[in-house]
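Quick notes on the structure that follows.
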Amino acid sequence: MYADATHPRRACWCGAGGVSGCVRQRHAYRCSRLLAGVLLIVGALTLTLAVSTVPAAWAAGAVASSDEPVYLLNAMYSLSDYNAKHAKALWLGIDSALHAVGYTAARGRPIKIIEPDPTDDLSDIVAVVLKALKDYPTLLGVIGPYSDTRLGAVLISPEIQNSGLMFLGPFTGSSSMRAWNENLYFMRAEPRLEIMAMVKHIANTFRARRTAFMYLTGEQYGSFEHKSLVELMTSLSLDPPAVYSASYSTSTAVNMTAFDAMADTRPQVIIIWGIPAGQVEELLKVVLTDPRTSSAYIMPSFALQQMTFQVYYDLAMAGKLTPVDGQIISSATSFPLTEPASVHLRVFRAQMGEYMVKTGRVDASLWADEAKAVQQYGPWEHEASSSDSAAYVNNFFNEHPCVTQLMIAGWISGSLIAQTLAEENRIANRTAYRQYMFSQQRYIVGEDFVLGDYGGPCNGVAEFLGAVCYCNQGGHSAVLSRLDRAVWTVITESGVSFTQKNCYSDGTTLPRPLNFLTLIFAEHPLLAQVGLTFKTSISTLVAYLQYNASPVNAATVNVTDTTPQALHDAVTTNYTTDVVVGVTVKGMNVDGYLVPSPIHPRPHLVELLRNYVYLMPTLEQQMFVLYAKLSAVRGVTSIDSAVHMILHGYASDEVANITAVLRKSAATFNYDNPTVTAVPSTKTVGSALAHGQINFVLAVTAADVADIVDFLVEEKTSIVVIVFDDLVIQYPTLVTALKSKPASVQARVITFTNLPLWSDTSESAHAASKLLTVFHDALPDPSQHTPGFLSAVLTGSFCASMRRLADSVHSTSLTDMVYREGSVTTFAEPFGRFQWGCTTTPTDRFCVYHNYGAQGIVMLSVQRMLDPTVPQLSSPMTPTMDYRPRQRSHALTPAQRGGAIAGIALLTVILLAVAGLALYCCMDNRNNDAAPKDGDEPVTLLFTDIESSTALWAALPQLMSDAIAAHHRVIRQLVKKYGCYEVKTIGDSFMIACRSAHSAVSLACEIQTKLLKHDWGTEALDRAYREFELARVDTLDDYEPPTARLSEEEYAALWCGLRVRVGIHTGLTDIRYDEVTRGYDYYGDTSNMAARTEAVANGGQVVATEAAWWALSNDERAGIAHTAMGPQGLRGVPFAVEMFQLNAVPGRRHAALRTEIEAILPDDTATDTASSAAGALLSSVGTINGPAAGIAFVLASCFAPYPVAQRVRELQPLLSKWGVGAPPRSRLVSEEDYCQGLMNRLAIRIATVSQARCPVGNNGAAVDLDVQHAGTAEVMNPLLGEGSFISDGARARHSGLTAVPPSAEPSAMRMRRVGRKVPERPTVCNVRGAH
């Protein structure tokens, strides 16, 4: 609840001055403390003069002796036939609570109830009270009275006001009587709270557009509540109710003129407020039987609950209506006995049961009609009469639900009264009693029903410190109960309450709800499912986030007529709505409601309506992105740029409009116009799909999905592109049809989205997207991980953000908030900029109507949806939607066309003559279109290499040939797909150049996923890799194999076949065209840096330098799972380089980066290829062991007789034979160290190959590979795996190298070594010198 005011409600009673008739006015209004004080003084003086004949003991309160009874007058009665039983039930509840304490007050003083003399005129409540005062001078208080009329009469009596009597728990039906008066002690919440509970339910649950309010004028009941009702409904943007009002009369006739005026509005909810009387009873009968009102919800106040119950079931038993569960909903300030969680109700049941059995004062025959209705329509079985008192009590409670609730209300008041009499000094006289009652009292009844705080006059300091001032009522809450099978049941979350700091609810308002409405197309199952998806998603999101800023309600309306007008009527006729979500149709203009992310059964162009806000990609945006990213689409199967659009079920004007926009997109990016085919709705699109082209299909149906799948299975190069709306609607059908098809088919069904991948539940995806984390936590069921559910969650969150903004600026329009904010971010997902309006300048007028805001749109395939490790097809793009004319040469003049025609014949002859020569000359030419050629623009270079290729060739020669061929095919296909350029290959290594850093990164990541998914036809490669890792465990103390100890399931998900490492770097290069190779090559620092980056990576790992990483846009970086590896040292680089691991396959673990310490360092002018550089000579003198050490000793012994220079020359044939590179010697390295380094390197190679060949036969079966002592320049290096691995990335580790200035010599695939002085130490090569 919201409380705007903290001032208590106080009454400056005109009746205190003896002015007659004032009671019929509203007696409650705000007044200052000064005014209140003045009026109290004046009133006191007037009262003194008016009651000079009253005994003085009345004012001060006579002091009672310690054994004298505590006298209380029972004024809880009514003389009306309609109200007498009502008041009787309240009194029995009060009496049962006093019976429970033995009618005993403090120090054993008996409590004596004074019953009015039946011979007196009981209608004159003032006379009844004055007579009791006269007969019992120590009378402490009055219980009651019953009804607002009698209470008003008491309050205008000067004698009673001056007596100091406390009126305890008066039963009133209108808030007009609730005001500060020190003689009144209310023990029920004010009736205004009942109105608030009703309005809350109407706004949040019924969401009814048409309400009615029925009350009687001329009495306190109704007038004040009608005013409160209108104020509350206006604050929630609800229409004011239709009104039936008639003057109170003893006549029971219904004013049919007033009733007809109300009934003709066809109210959905009718609130009835009034005195329980014959006039109200007749009105209820008319309401429940008139066809205009009989189906409406009936909401009586608590005072009318019993009467409404009886009339309803009397009509049912007479055959005039059929009871409907939940049609009758009553307000109350206490719970019915069916509420299971309330402790005080269990206490009530026990005390009232004992009271019934022991006193016999409860006569069930008084309410026999209620019992008869329950016996016929209720769920209880009447227990046979017996001596069992428990059965008797249980029968009574079951068969008298309304009487029981009245008894509960009375019992709560009686229990509070009993507590006020529990201390002797409180009840010495009326003055002491009243002082106690208003001394900041709070009461707890039955352990959990709280009343209070009650407080009297106090100053501002006390109020500031927390005191409750001028407060004579203790209830602060109300609830609603629904009537189901003659049983009252509390409606969950129907209650309202306000802070106990405030005495009355004046100024307390209800929070505005956020109401969603979704249309359910009942005759179209897929469209209906989309609507239900929105309802489920929004409700679940609200529950998960525990959103309580305002009530959020998601309702649905079933529709069969799907014409725009019918849908408009469905939205606007019956329900209060803020937001319309889900499926809509073109032309359904629902002005006044926000329509975010509309889903169209037949996608169409943006509707320029201010309240339509497109959060998902529009058709125009998707067509723009299609041509902007057409090269990526073409690369899937390497087809040309021809686009064929198929429009299914569109009218001719829509075909023309959509075609025009698509052609503008094609012209903007200098592509030829698409071909267009319109397919009628009576056919499927199968026959219209074009072979070998990109098919852009709109309005896909379930039958179309089957045609598309069959078409793609047959056509190996064709591609089908669908839009986001069709994806949402047909997603279940698409996934079901494609999940069993080959990946090559799944990869050729492509769509658009600006959402994170809904099916990606990996940790890296959650780390990159807050929206995805919330989505999967709120909806953990994998069947709900669909684009429809995710877009619904996002839409709901967007609208909730707009509601918060609207409330903060006291606006009623969510649409206004969208354009006021312009750019909106929800769960870190940006939208906008939304603009709507015109700007006028002295010379011109500019208008912008921009109601769409999707950003970061990507293209992705169904393959990626089924397998999140597959990269998305394109980088994120926020289309500018700036169209340009196609850029091409001017048309030929007529003369030029004539000359061209004349020359065609000659040209044909020439072409035929030179065709053979041209073909011959062009056979060796390379396609250089994709090569970056501008030396002023940065180029991104990739280097790749296969891990342990030498060892694999030695161990599996019969398999490696096919494996290398497959490796080359995969990489070359991807190079073409991403528009990159193959510079050269050296052995199994690739050098690749890309114009775009994102293309390079996407290429590198997809290399890993493609190789993972490739069918290698053998497991021998994986067994060999695992054995290589295990062989290192015994060699290195803290080495932990990254993959060898994985379970089969884990390994199969992360690794398969050849392991390729990739290094990426971006920078400026020296670009040269090679006349021999007829291709472009790239030289300089960028090439060297990329090669060195690849050299430090592990197999299956992609490492990018910070230059490559920051060359990506913010959106591109956000879409890439990565691990920052910190600064790393690279050979030949005089500074540490920040490295980033790209997590192409989530879950892979790698050894630490291969930043080995070099000792054999070439001269500044030395160069080497990327692969050779990665295996430079190690500082291995005295460090190698095992077989390699033995081989090195033999070599050293054999060559020892020769001088050092001759030894180096004699080693060259052996080095060449074993494929070991011999880089030039650096000036910083001695000849002896250089010689020993060459022999060590040769020894390691010999040991590796010989041991690898032993255990693996030609059939591919592997046995234990004992290679723990072998090391190679590529991977079989004992230092390469040093350290342990970490999840999803290699541990950052610095090499500690000291760099020297790099060489200026350009080289495409060679690397400079880092200069480092190796300490002098004796070696086998200089044994002779040592002697």
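Quick reminder: no glycine exception, Cβ is built from N, Cα and C everywhere.
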Candidate annotated in Swiss-Prot as N-linked glycosylation site, out of N548, N558
N558
Can you figure out which of N429, N558, N574, N657 (the glycosylation sites) comes closest in space to N255 (N-linked glycosylation site), comparing Cα atoms?
N574
Work through the glycosylation sites one by one (N558, N574, N657) and name whichever has its CA nearest to the CA of N429 (N-linked glycosylation site).
N574
Between N657 (N-linked glycosylation site) and N558 (N-linked glycosylation site), what is the CA-CA distance rounded to a whole number of Å?
32
Give the distance between the Cα atoms of N558 (N-linked glycosylation site) and N574 (N-linked glycosylation site), rounded to the nearest whole Å.
12
Within 10 angstroms of the C-beta of N429 (N-linked glycosylation site), what count of other C-beta atoms is obtained when all protein chains are considered?
17
So, in DSSP terms, is N558 (N-linked glycosylation site) helix, strand, or coil?
strand
Mean pLDDT across the domain 'Guanylate cyclase' (940-1094) comes out at 90
Mind checking which of N574, N657 has the fewest other CB atoms within 10 A of its CB? They're the glycosylation sites.
N657
Give me the count of other Cβ atoms within 10 A of the Cβ belonging to N255 (N-linked glycosylation site).
15
Please report the DSSP secondary structure of N657 (N-linked glycosylation site), reduced to three states.
helix
Give the helix, strand or coil assignment DSSP yields for N574 (N-linked glycosylation site).
coil
